[in-house]
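Q: Take this structure first; my questions come after.
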Amino acid sequence: MEAKNLWRFLVLPIGVLLFLLLTWFHLPNKGALDCNLYSGWCTSKNRFYSSSQANQIKKPSFSSYNNQHHESEIPQHPLDPLTIQEFNRVRTILSTHPLFKSSSKYTLNSIVLEEPDKKLVLKWKKGDAPLPRKASVVAVVKGVSHVLTVDLETGLVTDYEYSVSGYPTMTVEDMVGVLEVPLKSIEFNRSITKRGVKLADLECLPISSGWYGTQVEENRRLIKVQCYSKEGTVNFYMRPIEGVTALVDMDRKEVVTISDNGENIPVANGINTDYRYSIQKLNGELRLLNPISLEQPKGPSFTVEGHLVKWANWEFHVRPDPRAGTIISEVKVRDPDTSELRNVMYKGFTSELFVPYMDPTEGWYFKTYMDAGEYGFGLQAMPLDPLNDCPRNAYYMDAVFASSDGTPYLQPNMICIFERYAGDIAWRHAECPITDLKVTEVRPKVTLVVRMAAAVANYDYIVDWEFQTDGLIRSKVGLSGILMVKGTTYENMDQVPNQEYLYGTLLSENIIGVIHDHFITYYLDMDVDGSDNSFVKVKLKKQETSPGESPRKSYLKAVRKVAKTEKDAQIKLKLYDPSEFHVVNPLKKTRVGNPVGYKLVPGATAATLLDPEDPPQKRAAFTKNQIWVTPYNKSEQWAGGLFVYQSQGDDTLQVWSNRDRSIENKDIVLWYTVGFHHIPCQEDYPIMPTVSSSFDLKPVNFFERNPILRVPPNFQDDLPVCKAHDSA
């Protein structure tokens with residue numbers, strides 16, 4: 001009987017393998033695989049790559065909006081991402097390097113642009129000779145991590161040693177490769193089938209295992225695999241096979257342990273959880289609104305030259321990145337009085353995302369994701385949906401990334417850029433009747449948005465960089481997608497004993513939405529009118545008046561304190577200790593003598609409540625404060641460290657900041673964390689309405705006056721004439 005069962009369980013993996021082989025031989029030979037044309041393999045969970053080194057690729061039809069010809073692309077700016085030709089050049093150079101010639105057991109975990117020295121980039125102007133092009137490569141060879149710089153012109157390869165814990169970001173092949181491993185285990189298959197789930201209905205996820213200092217974790221890359229049933233619904237997340245977890249050795253492709261502590265927990269039925277429009281409209285559409293769109297009869301007001309964006313009084317560089325998602329660089333705003341383009345920020349991006357779930361039980365304690373450093377925030381970015389993710393007249397920017405053997409592939413429509421008008425007001429004043437002055441002056445607010453959406457398994461993150469004509473930059477992150485839920489025996493709260501804690505909310509029959517946090521940490525290399533800046537905390541303090549000084553008893557006083565060292569700038573936000581946080585250039589003053597600056601304006605956020613010695617919190621120590629300031633260091637970009645996977649917290653933002661280096665009148669980096677505490681509710685089921693938070697970078701004494709004072713209002717003749725609907 002055992003032999004018969006074993007044969008039955010092997011049929012699925014063998015069939016999948018045969019299908020993969022057939023697909024391999026029938027894929028076209030291309031230098032870069034188009035992930036739109038092969039969308040069945042190009043999901044956030046699995047991609048299949050051609051190994052050919054030819055330079056031709058076929059563009060997807062919906063990505064032809066912007067006429068991007070990637071096969072012939074040439075870098076036009078020092079910060080432009082690597083091109084297809086450059087990826088292939090990297091592969092050619094590495095193929096002859098002794099490190100790779102001596103071993104067939106290696107993966108190229110990351111190939112990205114090695115940015116030129118910052119001082120050289122700041123001096124470079126259009127028309128200057130191109131700066132030397134180099135690639136930064138992270139590779140794992142025979143289980144050892146290497147960081148290499150490849151000079152694309154000379155072919156020189158430099159290998160750097162990093163004596164820190166952890167492993168590089170997983171490749172997509174890593175994630176896909178572990179999913180079939182548990183199916184080799186009779187014990188695992190038995191745990192699945194005894195719950196009445198067919199192996200053909202399995203949908204499994206690779207779950208990063210974190211680090212807990214156990215002996216089994218030493219010198220091996222481990223990952224947890226948990227599975228769901230997709231029978232009857234595309235929303236398999238709502239049908240967890242609770243309690244079954246396979247611990248897998250990622251490199252050896254073997255099961256280390258199987259745990260099963262949920263035998264009595266049924267798989268939820270998944271009824272009415274399919275969120276697709278084609279399914280939902282069968283129950284009748286919920287037509288709450290008439291169609292709405294922003295019309296631009298003269299076209300958009302922005303231009304994109306390669307990766308350089310020009311709009312209104314702004315100019316900046318945009319590039320996709322496999323780890324950060326979107327990187328915004330060389331941000332400049334034009335001064336209305338001098339017409340000079342002035343520096344605001346050299347570089348900004350999401351450095352890390354930390355998502356700890358608040359359930360300490362066997363099947364959940366390890367779910368403490370570091371989405372950028374473990375999975376790759378940009379690797380999980382899916383093509384944006386025109387008209388729904390982005391409005392009409394949006395410009396779409398593709399990404400070219402590298403697979404684990406270095407073959408470039410296309411990620412179409414990863415970023416969109418568009419103008420937004422939501423009826424907001426840029427500034428206004430109407431004179432009151434008392435003065436008898438008939439004055440009403442209003443200016444509409446139009447903004448420019450750079451957007452990316454990453455689907456990191458169940459959760460979707462929408463990341464916006466929004467630019468306003470008054471000099472303000474707003475960064476916003478939205479959370480949508482699907483909750484990660486836990487199976488339970490309970491169908492109603494009346495069944496739950498008073499003393500039992502569920503670690504979350506009962507959302508539906510046999511489904512608990514587990515409480516969790518989201519922390520998104522931003523890297524903001526501010527260069528306000530130059531690189532030498534200072535961080536100033538402007539504290540609002542209650543000042544009591546002296547006896548007889550005034551009928552008032554107290555007032556608020558603004559007290560400025562310049563941060564001398566890093567520890568002076570480690571800040572926890574407090575409602576009853578209000579402050580402003582300025583980045584100023586002390587050597588540049590306004591006409592009346594104020595130092596020019598920008599201020600960080602925090603939005604709604606959250607603070608971590610975990611114990612500092614809790615292993616996940618030690619690894620994510622960068623969430624201890626909402627604000628940090630460090631001196632610029634090219635190697636200090638990732639808040640969780642260069643190697644995050646199974647890291648022990650020895651290379652984090654907190655470690656760097658605790659060195660307490662000088663930051664006064666230096667080239668400094670500002671770090672800010674957006675936080676969410678998420679207690680799930682039934683409205684989040686079966687798919688979440690978007691919840692969002694943001695922060696602003698706002699000019700403070702940067703301009704001599706309101707920079708959009710001379711902007712004209714809207715006039716009727718300037719606007720398109722639309723025929724009203726008969727019923728209007």
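Placement of Cβ uses the backbone N, Cα and C atoms for every residue, glycine included.
OK, TrEMBL features for this one:
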- 7-27: transmembrane segment (TRANSMEM)
- 77-159: domain 'Copper amine oxidase N2-terminal' (DOMAIN)
- 168-267: domain 'Copper amine oxidase N3-terminal' (DOMAIN)
- 294-708: domain 'Copper amine oxidase catalytic' (DOMAIN)
- D371: active site, proton acceptor (ACT_SITE)
- Y459: 2',4',5'-topaquinone (MOD_RES)
Q: Would you kindly give the Cα-Cα distance separating D371 (active site, proton acceptor) and Y459 (2',4',5'-topaquinone), rounded to the nearest Å?
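A: On Cα coordinates alone, these residues lie 10 Å apart.
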Q: My understanding is the cutoff is Cβ-Cβ under 8 Å with a sequence separation of 6 or more in the same chain; which residues meet that for the residue listed as 'active site, proton acceptor'?
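A: In sequence order, E352, L353, V355, F377, Q380, A454, V456, Y461 meet the Cβ cut-off.
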Q: Applying a 10 Å Cβ distance cut-off over all chains shown, what neighbour count does Y459 (2',4',5'-topaquinone) have?
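A: Other Cβ atoms within 10 Å of Y459 (2',4',5'-topaquinone): 21.
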Q: Per DSSP, what is the residue tally for the domain 'Copper amine oxidase N3-terminal' (168-267) in helix, strand and coil?
A: 27 helix, 29 strand, 44 coil
